[in-house]
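Colleague: Here it is: the structure, laid out below.
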Amino acid sequence: MWVLLFCLVMASCQYSLLKSVQPDPASPIHGHNQIITYSRPIYFCVLCGLILLLDAGAKARYPPTYIVYGLKLFSPGSLQSARDFLIVFLYCFPAISLLGLFPQINTFCIYLLEQIDMLFFGGSAVSGMLSAVYSVARSASAAAVLHVFCFSAVKEPWSTQHIPALFSAFCGLLVALSYHLSRQSSDPSVLLSFIQCRLLHKFLHQNLEELAADPLPRKMKDSVKDILKSDLIICSVAAILSFAVSASTVFLSLRPFLSIVLFVLAGAVGFVTHYLLPQLRKHHPWMWISHPVLKSKEYQQQEVRDVAHLMWFERLYVWLQCFEKYILYPAIILNALTTDAFSISNYRRLGTHWDIFLMVIAGLKLLRTSFCNPVHQFTHLGFTIIFFHFDYKDISESFLLDFFMVSILFSKASRLALFFISV
């Protein structure tokens with residue numbers, strides 16, 4: 001019976017290649033298009049490939065087993081359960097396709113690459129397939145370069161009185177790359193056009209003709225050029241400062257006192273900046289005060305005739321946010337990176353390459369998020385400390401990895417909450 005059902009599923013996918021099928025309800029393009037023809041067969045081949053890989057892993061004699069947060073990863077039992085789930089899912093393939101729950105394969109690839117870049121590398125949303133591939137390739141290239149530096153620094157044991165110069169260089173490069181990537185767009189078209197006009201003269205004449213008709217591309221290219229110039233200066237300064245702070249051994253000499261001070265300071269600054277000040281500026285703070293507590297100078301005026309006056313609390317908000325983005329959270333993450341690297345150099349939990357890989361990915365993601373979207377970082381940090389330092393201290397891996405996992409879970413939970421609120 002199961003073999004017959006599998007043959008029916010395979011035949012339905014084969015039939016979509018021989019005869020034109022109706023567009024899926026989840027298709028973003030109305031009417032027939034060429035991608036629909038290949039969507040079901042590609043899904044079927046991917047699922048079958050995953051089933052074969054999981055089956056081979058479940059039958060391995062000596063599979064590598066890793067314990068993370070009390071869960072055994074890649075054990076024969078977990079791989080067999082995942083294989084059985086995919087088999088049942090494959091048998092339900094015709095019903096799922098009939099209901100239109102599968103998007104087109106290109107839409108699925110764009111969404112998958114976008115989520116990988118956002119959740120694991122701290123990237124932003126993408127606008128298409130080219131943008132998704134460019135964003136993931138850019139982040140993966142940066143992570144690979146950082147992995148080489150970090151591996152060269154931690155392959156031999158450290159002492160608390162000396163930090164290898166390669167690791168200090170790794171910290172400086174990590175901060176500089178994170179800042180640069182946080183300011184770059186996920187759409188490479190403007191950057192590619194700018195590079196073409198600079199390197200290839202035959203595109204310059206065509207570019208001038210386009211500028212005569214539409215001035216917007218010129219403004220966009222000038223904006224990209226100004227961002228690159230600014231990043232060249234700021235990234236150089238940030239790399240030098242990060243290298244100097246990391247090489248001073250302050251993070252190892254003052255532990256754990258420095259971590260406690262940074263955590264308390266981050267919680268206080270985040271609470272004041274992202275909760276207290278916005279609430280006091282609302283028309284009805286906490287819905288029980290009839291007027292704003294922090295009022296602008298023009299609040300009592302019926303008609304404003306002059307330029308708006310910049311209030312002290314607005315200046316305070318900007319300075320606190322700059323302190324949080326460019327000093328406080330980089331210090332917290334560099335402190336965690338130094339502590340983890342010192343531990344990895346003396347004791348390998350998952351193996352050298354896996355430990356370094358997780359540390360590099362977590363540091364890159366957290367720094368990029370701190371530079372471009374620090375609004376919710378203090379809540380993620382507070383939950384990480386309370387949950388892993390007080391409630392479930394036994395299952396904690398390291399602060400950096402705990403912070404990384406909590407940021408991912410909170411991101412998906414907030415999106416799920418917004419989905420239910422909108423429904």
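Cβ atoms are placed via backbone N, Cα and C, with glycine included.
Reproduced below are the annotations present in TrEMBL:
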- 1-18: signal peptide (SIGNAL)
- 34-54: transmembrane segment (TRANSMEM)
- 88-113: transmembrane segment (TRANSMEM)
- 125-149: transmembrane segment (TRANSMEM)
- 228-251: transmembrane segment (TRANSMEM)
- 257-277: transmembrane segment (TRANSMEM)
Colleague: Under 8 angstroms, Cβ to Cβ: which one of 88-113, 125-149, 228-251 has the largest number of such pairs with the transmembrane segment (34-54)?
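Modeller: Out of the listed stretches, 88-113 contacts the transmembrane segment (34-54) most.
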Colleague: Can you tell me which parts of the same chain pack against the transmembrane segment (257-277), counting only residues 6+ beyond its ends and a CB-CB cutoff under 8 A?
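Modeller: Contacts of the transmembrane segment (257-277) (Cβ under 8 Å, skipping residues fewer than 6 from its ends): 250-251, 294, 313, 316-317, 320-321, 323-324, 328-329, 331-332, 335-336, 339, 374-379, 381-382, 385, 399.
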Colleague: So what's near the transmembrane segment (88-113) in sequence-distant terms, Cβ-Cβ under 8 Å and 6+ beyond its ends?
Modeller: 2, 5-6, 8-9, 12-13, 24-29, 35-36, 38-40, 42-44, 47-48, 51, 126, 128-129, 132-133, 135-136
